[in-house]
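Step one of this worksheet: look at the structure below.
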Amino acid sequence: MNRENLKTAKRIVIKIGTSSLILDNGKINLKNIDELAFTLSSLQHEGYEIILVTSGAIGVGLNVLGMTRRPSEIAQQQALAAIGQVELISLYNQIFGRYQQKVSQLLLTNDVIAFPESRKNATEALNAILGLGIIPIINENDAVSVDEMDHRTKFGDNDRLGAIVTTISDADLLIMLSDIDGLYDKNPTIFDDAQLIDSVSEITDTLMKSAGGAGSRFGTGGMTSKLEAAKIIFDANKQMVLTNGARIFEIRDIISAKKKGTYFGQ
Ligand SMILES: Nc1ncnc2c1ncn2[C@@H]1O[C@H](COP(=O)(O)OP(=O)(O)O)[C@@H](O)[C@H]1O
Ligand SMILES: N[C@@H](CCC(=O)OP(=O)(O)O)C(=O)O
């Protein structure tokens, strides 16, 4: 596969990270959310099938309560996610509505995907929503997911969730929107001479070593979790583009196979 394959993508999953949804001062990034709603709604109207995987429940929850730091206690984080998710989906509903696009909400946990019956159910629900011309907006059900040894229902992070949603929906492409232009040969927030990588066909150990942790105080997994997601994409013989959530209009360039971000395809 190469970038030319992007021109044939019809069902597309977009994953947007917290760093693209929340400004450094903790306020909501309305510019990005508006551009996202306009771009995704217009693509959907033109016949693409769009699925949005969104982070931001905890970030928006902090904003709602006027807090600046993520609490360390799990119950507090879950409470914040429950509070923030309502606000987040309500914002999406309002702003997509402005572009005549209806949205729906799916909150998933890993067990839903792990069991074949519930996985099939989730896939069928997604297909039905898309069949109605509605954009599914998906996040992890953070308020109830747990990470116990014998009862693990957490996905870990939304990069992984984005890759899993791409596989269960049999989408043609995952576009991952982050706070950086793509994958660099070393962490660009540390090394000034880091070079943007145009395309990746295999996740090697060297590549994994070049990836560092999260860049902002809101991001969770950093580049490592994006490369882990790319492994899931490769295993499912799918493709992914990692690009900057600050220039959402470039999604159109990406699906026209223009050189934007980093392309992952085998
Ligand atoms: N090799 C690398 N290439 C690009 N970014 C990297 C690399 N290694 C570490 N990073 C860091 O990963 C960050 C993106 O991940 P993250 O903060 O989790 O964002 P998001 O909220 O979009 O998921 C970048 O801002 C950067 O600081
Ligand atoms: N599900 C969590 C986000 C988890 C996550 O992976 O966040 P990010 O690294 O910003 O994509 C939330 O909505 O706050």
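Residue positions begin at 1 at the first shown residue.
Using the three backbone atoms N, Cα and C, a Cβ is placed for every residue, glycine included.
Curation does not apply to TrEMBL; its annotations are automatic.
Feature annotation from TrEMBL assigns ATP binding site to K15, S178, D179, T220, G221, G222, M223, T224, S225, K226. As annotated by TrEMBL, substrate binding site applies to S55, D142, N158. Sequence annotations record features per position, and here TrEMBL assigns domain 'Aspartate/glutamate/uridylate kinase' to 10-242.
Comparing N158 (substrate binding site) with K15 (ATP binding site), their Cα atoms are 8 Å apart once rounded. For the pair M223 (ATP binding site) and D142 (substrate binding site), the Cα-Cα distance reads 21 Å. Taking each Cβ in turn and tallying the other Cβ atoms within 10 Å, the top scorer among the binding-site residues S55, D142, M223 is S55. Cα spacing between D179 (ATP binding site) and S55 (substrate binding site): 13 Å, rounded to the nearest whole number. Those residues noted as binding substrate (S55, D142, N158) have their most widely separated CA atoms at a distance of 11 Å. Taking a Cβ distance under 6 Å to any atom of ligand 2 as the criterion, the binding-site residues K15, S55, D142, N158, M223, S225 reduce to S55, D142, N158. For the pair formed by S55 (substrate binding site) and K15 (ATP binding site), distance between Cα atoms is given as 8 Å, rounded to the nearest Å.
For the binding-site residues listed here (N158, S225), the lowest count of other CB atoms within 10 A around the CB belongs to S225. Non-local neighbourhood of K15 (ATP binding site): V53, T54, S55, N158, D159, L161, G162, L174, I175, M176, L177, each in the same chain, at least six residues away, with C-beta under 8 Å from its C-beta. Secondary structure at K15 (ATP binding site), taken from DSSP and collapsed to helix, strand or coil, is strand.
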